[in-house]
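S.K.: My structure is below; once you've seen it, I'll send some questions.
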Amino acid sequence: MSLPDISRRRSPVPQEDWPLTPNALRPSPFPNPVLQALYSLSRVLLFPTYWSLDQLLGCWAPSVRSKSLGWFKVLAGSGVLLPLVVVGLPLALVGLALWLPLQVWRRPFCYQPPPACWVWPQPWHPPAERRRCFVFLTANLCLLPHGLAHFNNLSHSLQRAEAVGAALLDSLQSSQYRVSECSQPPPRVPGGELKATLPMGLDFVCLQEVFDLRAARRLVRVLVPNLGPVIYDVGTFGLMAGPYIKVLGSGLLLASRYPLLRATFRCFPNARREDAMASKGLLSVQAQLGIVDGHPIVGYLHCTHLHAPVEDGHIRCKQLTLLLEWVEEFEAENRQSDEAVAFSVLLGDLNFDNCSQDHAKEQGHKLFSCFQDPCRLGVCQEQPWALGTILNSSMLRHSIACSPEMLRRALRQEKGRRLYLSGPLHGSYPAQSWKGRRLDYITYRRVPGSRLSPEAEQVTFSTAFAGLTDHLAMGLKLQVVCS
């Protein structure tokens with residue numbers, strides 16, 4: 001896919017001493033190139049067996065077995081792939097012996113800075129510019145390794161990553177990176193809309209389930225020259241207390257239009273079943289946004305993906321409590337006394353909804369007294385315009401579910417929502433208010449003592465990734481006003 005560099009086409013603006021702290025993050029996750037080279041070698045040794053096992057697992061997925069000649073394909077594929085696994089095992093054991101101890105020195109994320117020709121967005125300078133809007137996007141892409149993706153009725157993760165990148169690129173090119181215009185005054189109640197495209201003027205993008213590193217790198221190649229710095233390959237791998245062996249990362253990927261000052265990742269200590277193999281946790285970053293009275297303006301983003309199994313609500317509640325503790329710790333440790341904080345945003349796939357009785361504990365968690373959810377009115381009460389974000393897995397290959405515009409039209413009607421969205425786990429809505437299950441959240445809060453006040457202006461539910469994942473993308477336009 002050709003990746004035009006729209007950063008070169010933007011008109012540079014006078015930006016003396018901006019960013020205030022350039023190159024704040026080291027690109028490599030290792031402190032020296034020798035460790036990085038050894039880590040790359042370990043991945044090369046592991047890859048043949050990883051690929052063979054991945055393809056073998058894909059052969060046994062229910063979606064493959066149910067097709068015509070399904071069992072014949074399963075047996076034929078297994079007959080070819082099993083010998084490849086056996087042949088690759090000696091190399092894999094050497095690679096594993098090298099890979100495991102290297103995790104001690106590995107920082108839990110990779111950082112890709114923008115190119116040298118990159119022009120940063122114009123810094124925010126209140127009170128001359130009293131208000132500025134920031135646009136956030138969250139999306140669960142289900143970019144699992146090929147075999148695991150089949151179990152979600154999806155496949156071809158690398159091809160889907162290319163298509164997701166094309167959709168993101170189209171949004172970035174269309175917006176041409178003008179600063180998003182704000183409503184004056186800000187609306188008393190945020191509005192919501194359903195679109196077949198992604199929000200324009202994206203400033204921050206948080207993606208979940210980008211587990212496949214090859215897929216992550218394809219997204220990085222799109223985002224870095226057209227949006228800004230990217231943090232990817234996030235997670236703590238290797239042997240953990242439990243005991244667990246973490247072979248998958250967190251699946252988180254974060255891209256920012258603004259310079260990033262600091263970043264950290266913390267892995268949840270509690271996990272069960274299939275989630276025990278993944279390094280789910282909280283990625284926290286501090287971004288530079290502008291300057292007020294000679295002092296820096298910063299914003300905090302906290303991206304996460306909670307425990308998945310439906311019946312494990314107690315684990316999700318513990319993770320939510322940990323999230324709040326880690327958010328407070330990160331912001332307290334990194335905030336300087338002279339900094340003005342524009343916002344603190346927590347976003348991602350929380351894996352519970354606001355309509356199912358099975359999620360009563362999560363719905364009443366103190367998270368919602370600390371952070372504002374613009375889609376939520378209360379426990380089991382959503383805004384009239386709010387929508388579910390998880391699709392019905394049995395309909396993912398339907399022609400309408402694979403077309404952004406056709407899916408958007410279908411979801412405008414209750415009949416379409418009931419057909420293409422996943423419904424509550426137990427019980428049902430009244431007929432006039434059926435919305436589906438919203439697992440994706442973008443929440444925000446004002447930091448006490450700050451003269452900057454954030455307010456939600458617009459929430460967007462997007463079908464732009466129709467046919468590419470089992471979630472709708474979700475966007476938030478946040479207006480920050482300097483008092």
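Glycine too: its Cβ is placed from the backbone N, Cα and C atoms.
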S.K.: Tell me which range among 1-20, 181-200 Swiss-Prot lists as region 'Disordered'.
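M.R.: Of the candidate stretches, Swiss-Prot labels 1-20 as region 'Disordered'.
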S.K.: Round to the nearest Å and give the CA-to-CA distance linking HIS471 (active site, proton acceptor) with ASN351 (site 'Important for substrate recognition').
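M.R.: Here the two Cα atoms lie 11 Å apart.
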S.K.: If I restrict to non-local contacts, at least six residues apart, and a C-beta distance under 8 angstroms, what lies near ASN351 (site 'Important for substrate recognition') in its own chain?
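M.R.: ASN351 (site 'Important for substrate recognition') has long-range Cβ partners HIS305, LEU306, HIS307, ALA308, ARG316, LEU439.
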S.K.: Tell me the coarse DSSP state (helix, strand, coil) of GLU209 (Mg(2+) binding site).
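M.R.: GLU209 (Mg(2+) binding site) sits in a strand per DSSP.
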S.K.: Using a 10 Å cut-off on Cβ-Cβ distances across all protein chains shown, tell me which of the recorded positions (GLU209, HIS471) has the largest neighbour count.
M.R.: GLU209
